[in-house]
Amino acid sequence: MTDQAEKKHSAFWGVMVIAGTVIGGGMFALPVDLAGAWFFWGAFILIIAWFSMLHSGLLLLEANLNYPVGSSFNTITKDLIGNTWNIISGITVAFVLYILTYAYISANGAIISETISMNLGYHANPRIVGICTAIFVASVLWISSLAASRITSLFLGLKIISFVIVFGSFFFLVDYSILRDATSSTAGTSYFPYIFMALPVCLASFGFHGNIPSLIICYGKRKDKLIKSVVFGSLLALVIYLFWLYCTMGNIPRESFKAIISSGGNVDSLVKSFLGTKQHGIIEFCLLVFSNLAVASSFFGVTLGLFDYLADLFKIDNSHGGRFKTVLLTFLPPALLYLIFPNGFIYGIGGAGLCATIWAVIIPAVLAIKARKKFPNQMFTVWGGNLIPAIVILFGITVILCWFGNVFNVLPKFG
């Protein structure tokens, strides 16, 4: 990429790619998983997760900038920490991105078919809808990564508009007695123990790391634009998440979340609880628009990261023929899995959590430490010396322990 090509892309697109990837269908799980900790402790642990994931992303960017444009996890890990860690990293990256691609194909099929049914009265087969959605996204990626980035930006913009319309009205209807849990039968109990069960979900809510190599392809080594993209994209996501928690936990009583959790904690349960409080036609419509766009923008972001990762892994060129091969590698495995197991959104998101902790938290910190030794005059170094990588690694270990604590029912669960 020439300097002229790099300069013409505004940092705005990078911010939208990061935020569009992060702010997706998974955000509907946040108020459900944070119901035990409730608003104030939930906001606290969400900010901790954002701080840690932001810096793990910057550490990954730091290591990546020492290598040629287009280099991905495979190239960097093999050079800095050896083939064994490269294999571990490769397995976790591929698993997370593939399983998320599968999950979003599943979610798109379910949400779009439900929207068609509610508005047109026509029952569309979710499998057909999901596959058609995958074909559309694959076609865009085949054209160019920049086209995918711009569509993600468009979806994010529309998503924010629908979000503001829906929750702007609920913002002014927040009941502070509900937000403080003052009227609940559990009022006055300890909320702190429930933050640990929510940590893995909070981590997954800031999973933008697969898009960093794609940003470098777009911007080259313009570190100012890259840093702005990561910082402001993740910060935008944090602000929207906090606003989202404020509106949900200020309108839906904490006790009501027990019923949502018992019904599986799916998107439709939370939306129905919202509509049950103050239902309006325009609000219902915008909720449907928002839920569709939330999943669609994350779908584009995740597949863009997987596409670039596979192109680097198999050294496939950027020609139309090469991009077509990469598209097939990106979409065929998750599409086939979706045809066999069409309803795996929640299982897919949950299964990706542990691996995401390894490759999106621990490995970036290790890569940055190794890169500082190998490239003492590198162009970008995250502030704080070795303290920041240490904090990030500690956060990752804590999340892993909490994940296993959830699996083996060691941690307290709400509902």
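Any Cβ shown, glycine's included, is placed from N, Cα and C.
As the structure is a computational prediction, the values presented were derived from the model and not from experiment.
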Exercise. Under the annotation given by Swiss-Prot, are Asp308 and Ser10 positioned on the same side of the membrane?
Worked result: yes
Exercise. Taking residues 6+ outside the topological domain 'Cytoplasmic' (308-326), which of them lie with a CB under 8 Å of any CB in it?
Worked result: 70-75, 90, 93-94, 97, 141-142, 145, 210, 213-214, 217
Problem set entry | Any contact, the transmembrane segment (349-369) to the transmembrane segment (192-212), with at least 3 Cβ pairs under 8 A | yes
Exercise. Can we call the transmembrane segment (230-250) and the transmembrane segment (192-212) in contact, meaning three or more C-beta pairs below 8 angstroms at a sequence separation of 6+?
Worked result: yes
Seminar exercise, completed: If you count CB pairs under 8 A between the transmembrane segment (87-107) and each of 12-32, 34-54, 192-212, 287-307, the winner is 287-307
Exercise. Quick one: DSSP breakdown of the topological domain 'Cytoplasmic' (370-387) into helix, strand and coil?
Worked result: 6 helix, 0 strand, 12 coil
Exercise. Near the topological domain 'Cytoplasmic' (55-86), which same-chain residues lie under 8 Å Cβ to Cβ, leaving out any that are not at least 6 residues past its ends?
Worked result: 1, 93, 208-209, 212-213, 216-217, 220-221, 223, 226-227, 230-231, 234, 308-309, 311-313, 359-361, 363-368, 370-371, 374-375, 378-382, 388-389, 391-392, 396
